[in-house]
Amino acid sequence: MTDATVAKIPHVLVIMDGIGHREAIKDNAFLAAKTPSLSMMKQKHPHSLISGSGEDVGLPDGQMGNSEVGHMNLGAGRVLYQDFTRITKDIRDGVFFEHEVLVDAVEKAKAVHGAVHIMGLLSEGGVHSHEDHIVAMCELALKRGATVYLHAFLDGRDTPPKSAQPSLEKLDALFAQYPEQGRIVSMIGRYFAMDRDNRWDRVEQAYRLLTESEAVRTAQSAVQGLELAYAAGESDEFVKATRIGDAVAVQDGDSIVFMNFRADRARELTRAFVEHDFSGFTRQRIPHLSKFVMLTRYQATIDAPVAYMPEALHNSIGEYLSNLGKTQLRIAETEKYAHVTFFFSGGREDEYPGEKRILIPSPNVATYDLKPEMSAYEVTDQLVNAIDSGEFDLLVVNYANGDMVGHTGIFDAAVKAVEAVDTCLGRVYQAVMAKHGHMIITADHGNVEQMQDYQSGQVHTQHTTELVPFIYVGPTQAVIAEGGVLADVAPTLLNLMQLPVPAEMQGRNLITLSS
């Protein structure tokens, strides 16, 4: 910034990932934490609660929100009809079973006497996938006479830690209707198959299981394999590579359909299969596939067919501000970097003109309960510097701690995670107030406020359907409208910036400033 440049008034959007609101104190890591900064802000500034789940974010009624959906709604300023909902509707209407891309993958494999390998997160969590979609894809291929092999990635993160058995039994029952035509041939925890932080040693174990049947253990059935994993102290998320029955590996001429609909944790394994110049690890076998199909577009640079292309999204807040010549910053640590960039921009990979991105590496630990502060302090250092610089009209930051540590199910670590975020927010608050700026503090969905699952009796590692905080910090008092949703945040930010709201944004302004 030159001396002649007028310093910009900062407008900061803080996304406290996975921090929802729950009145009950029991098993509530947020209420157990010491949060003097947030308490002070709630005393001095207006605050409310908004919805981040179900139909309010374009998901089925009662479905918990997630980070991808949350950030897309936050950036879009409108409720977006999610891939989960689109695909479920197509299955219900029968359209899915005639889908050109999916049918082509099956028929191409059949034409060369190859098999169809279906892989994905076998879970009813509905965050990265849904088991009903996997069942439908198996039915599509089986009814067309294909040989079908299922490679099950187990959840235990968006579902209770030990909850995979009913899902495995559901698929076993389906395959029993088609004797000798298909079965579950492998399973592995999502910790290995669905990394998103370039931990290629994990992904390699999943890849070798699929391409070489290289396994830590073998079992005669999927349920037996699960029992062996539990006996070894592994929960679903961490189940080691398990071969089911006789060895089945992906062969030349086979097709693969990856049934995850959320992109971020599907990219790495997909790249291992389709990239010619892949360098994550040394591939012992590289099958020459008839087709590799991504259920949705995991990344624009991945050269593979896509069943459900993203719907065009115009005038997200990022695009709109860029077109007006405004400047913006997106900042997060690795675990949530894609969310404040790709997802917040409605599925756009590239920066907009006037946009700057800062990526802070997440700590290299096995699970984040070992370092619950993660990289929050480093994120805050960079954010405060950016606020002080006067360079940016809008600054968007994600604090990953509540969600990533909440997913571990470790209560004491989750408390420390919340306290780390609160400490950081105290610093951000001081920086914003010093610049007479505006700040909205909210969350994409809940998680850390419920750490025990009362139905299963297990620790609660998944998201919740609770409302999330909405706090306004600024130089004047204000009134916040009730009944807000995540899609209202972008129009509200534009209102604070004294900019007209584009017609595409159907959300409403939630903040009325006192004159």
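The backbone N, Cα and C atoms fix where each Cβ goes, and this holds for glycine too.
The Cβ of D17 (Mn(2+) 2 binding site) lies under 8 Å from the Cβ of S67, K336, H339, N398, Y399, A400, N401, G402, D403, M404, A443, D444, H445, N447, each of these being in the same chain and 6 or more residues away along the sequence. Feature annotation from Swiss-Prot assigns Mn(2+) 2 binding site to D17, S67, D444, H445; the stated evidence is sequence analysis.
DSSP assigns S67 (Mn(2+) 2 binding site) to a helical segment in the three-state reduction. The feature active site, phosphoserine intermediate is assigned by Swiss-Prot to S67.
Among the features that Swiss-Prot reports, substrate binding site is placed at H128, R157, D158, R190, R196, R262, A263, D264, R265, K336. Under the DSSP three-state reduction, H128 (substrate binding site) is assigned to coil, being neither helix nor strand.
Look at Swiss-Prot and you will find D403, H407, H463 tagged as Mn(2+) 1 binding site, backed by sequence analysis.
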D17, S67, D444, H445 excluded, remaining Cβ within 8 Å of their centroid (Mn(2+) 2): I15, G18, G52, G65, N66, G70, H71, K336, H339, D403, A443, N447, H463
Close binding-site residues near H407 (Mn(2+) 1 binding site), where close means Cα within 10 Å, chosen from D158, R196, A263: D158
Integer Cα-Cα distance in angstrom, H128 (substrate binding site) to H463 (Mn(2+) 1 binding site): 12
Remaining residues near the recorded Mn(2+) 1 site, that is with C-beta within 8 Å of the centroid of the site residues D403, H407, H463: D17, G18, N66, S67, R157, D158, G402, M404, G406, H445, N447, V448, T461, Q462
Residue among binding-site residues H407, H445 with least C-beta crowding, 10 angstrom cut-off: H407
Rounded Cα separation (Å) that holds between H463 (Mn(2+) 1 binding site) and D158 (substrate binding site): 6
